[in-house]
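Below is one structure; the comments refer to it alone.
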Amino acid sequence: MNRLIILVVAAVFLGMASAEEDVLKRGFPCRCDSDGPSVHGNPLSGTIWVTSCATGWHKCNSENELFHECCKQG
């Protein structure tokens, strides 16, 4: 029984750790200036951040939005 509890706790801990790594991969994609013109099929390399870009990210388009920014990591 104790082994089962330890196994469950370890599984939950590992699940939380992997979810934390995926946080930066989530969000809605947006078009950076480096993506080229707005044509169907172009990749969207930016991620929308509310209010301003996070540490380690930079604004990647020239549009001025009031409540969000299109940011790229790096």
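Placed from the backbone N, Cα and C atoms, the Cβ positions cover glycine too.
P29 is the residue among P29, P43 that Swiss-Prot labels hydroxyproline.
Between C30 and the candidates C70, C71, Swiss-Prot records a disulfide bond only with C70.
Looking at the candidates C53, C60, Swiss-Prot gives C60 as the cysteine bonded to C32 by a disulfide. Considering only the disulfide-bonded residues C30, C53, C60, C70, C71, the Cβ with the fewest other Cβ atoms within 10 Å is that of C53. Cα of C71 (disulfide bond) to Cα of C60 (disulfide bond): a distance of 5 Å.
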